[in-house]
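Features as listed in Swiss-Prot:
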DOMAIN    10-206  domain 'tr-type G'
REGION    19-26  region 'G1'
BINDING   19-26, 81-85, 136-139  GTP binding site
BINDING   THR26  Mg(2+) binding site
REGION    60-64  region 'G2'
REGION    81-84  region 'G3'
REGION    136-139  region 'G4'
Amino acid sequence: MAKAKFERTKPHVNIGTIGHVDHGKTTLTAAITKVLAGKGQAEFKAFDQIDNAPEERERGITIATAHVEYETDKRHYAHVDCPGHADYVKNMITGAAQMDGAILVVSAADGPMPQTREHILLARQVGVPYIVVYLNKADMVDDEELLELVELEIRELLSSYDFPGDDIPIVKGSALKALEGEKSELGEDSIIKLMDAVDSYIPDPERAVDKPFLMPVEDVFSISGRGTVATGRVERGIVKVGEEVEIVGIKATAKTTVTGVEMFRKLLDEGRAGDNIGALLRGIKREEIERGQVLAKPGSITPHTKFKAEAYILNKEEGGRHTPFFNGYRPQFYFRTTDVTGIVDLPAGTEMVMPGDNVAVTVNLITPIAMDEGLRFAIREGGRTVGAGVVSSIIE
């Protein structure tokens with residue numbers, strides 16, 4: 001059978017399955033591909049193909065992740081599923097699999113469990129904006145009232161982590177029945193219903209090019225008679241020649257005008273998200289701008305030194321530390337293009353952090369960096385990566 005060509009005309013959305021071990025995340029992932037394959041919108045992936053996900057290295061961190069793709073009438077989806085709990089933690093913190101929304105799988109027979117809670121918390125911390133729930137193994141619960149209680153418990157749990165628990169779609173079903181091809185309300189129908197909920201409840205993500213302009217400065221040089229050029233890859237938005245931008249981070253914020261945009265030695269009218277450009281800046285001296293700062297649309301981002309973050313600390317096998325660290329730990333934090341020293345405050349009751357742990361920390365940087373919530377960073381010691389993190393909230 002010839003491979004169906006995915007039409008790229010549909011909006012693209014990244015999603016993933018999250019939830020407690022053995023609640024049926026991988027079975028559900030396989031069932032989605034099976035049911036949609038029946039409509040010619042996916043290639044069926046068996047449980048074992050997904051479960052034996054190859055390990056990938058993302059910024060030195062080993063993560064096992066399965067990627068499947070499929071489409072509905074409305075959209076094209078890239079879906080991630082991880083075999084182990086640790087893989088989810090690493091994936092969500094590093095942003096290796098950036099999710100526009102998640103399908104939370106909860107076993108109706110067990111209700112919410114510790115990892116259910118932890119994945120919801122992580123989703124909140126790392127900025128997964130939308131959650132849809134699949135209440136799996138519903139065929140194992142005969143008592144309708146019990147099902148309603150579990151549903152209520154899930155809604156309350158989601159609300160306690162600032163998700164709109166009352167509005168979130170919860171679809172009851174049996175991923176196993178669907179995978180076995182049973183055409184019933186809890187079987188294939190539940191998968192169709194789930195995908196309808198995902199289609200309608202998770203909005204189209206905002207494209208990088210539609211966001212406010214930002215370019216991390218990688219290099220700076222001066223062109224005699226023309227001025228100072230900052231080079232880098234445009235992270236988001238568009239910059240047009242003649243527009244005002246701010247230089248943010250490290251030093252006091254400065255304003256300037258982009259008088260030229262170059263790419264591959266050619267002059268352009270604008271630079272867009274994804275482009276590697278050189279931006280010619282009016283009235284800026286070579287020493288007034290440096291690597292680690294960003295060029296940004298005025299007022300769109302501000303410099304900060306103190307923030308809360310969710311971090312994963314590499315284990316020894318990943319080339320991380322061999323020993324724990326304690327309160328007052330002072331590594332470098334690598335944001336976009338530069339290292340900044342920061343002091344780590346551990347949460348009350350946490351005496352130390354072991355390699356392989358994930359932890360919520362408060363960080364005080366010695367130099368301000370342009371940041372907003374959701375910004376990823378590496379934790380380094382002398383140029384060696386020992387951890388990864390994401391800004392969960394800004395303090396000052």
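Backbone N, Cα and C define each Cβ position, glycine as well.
This view paints the features noted in Swiss-Prot onto the structure.
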| residue | record | DSSP (3 states) |
| --- | --- | --- |
| GLY19 | GTP binding site | strand |
| LYS25 | GTP binding site | helix |
| CYS82 | GTP binding site | coil |
| ALA138 | GTP binding site | helix |
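For the region 'G2' (60-64), residue counts in helix, strand and coil come to 0 helix, 4 strand, 1 coil, using DSSP. Put simply, of the binding-site residues GLY19, CYS82, HIS85, ALA138, the one whose Cα is nearest the Cα of the residue listed as 'Mg(2+) binding site' is CYS82. Cβ packing within 10 Å was compared across the binding-site residues CYS82, ALA138, and the lowest neighbour count falls to ALA138. Within 10 Å of the Cβ of ASP22 (GTP binding site) there are 13 other Cβ atoms, across all protein chains. Here LYS25 (GTP binding site) comes close to THR17, ILE18, GLY19, ASP81, VAL105: these same-chain residues lie at least six apart in sequence, with C-beta atoms under 8 angstroms from its C-beta. Shown in sequence order, VAL21, GLN115, GLU118 are the residues of the chain, 6+ apart in sequence, with a C-beta less than 8 angstroms from the C-beta of HIS85 (GTP binding site).
Take the CB of the residue listed as 'Mg(2+) binding site' and look out to 10 A: across all protein chains shown you find 23 other CB atoms.
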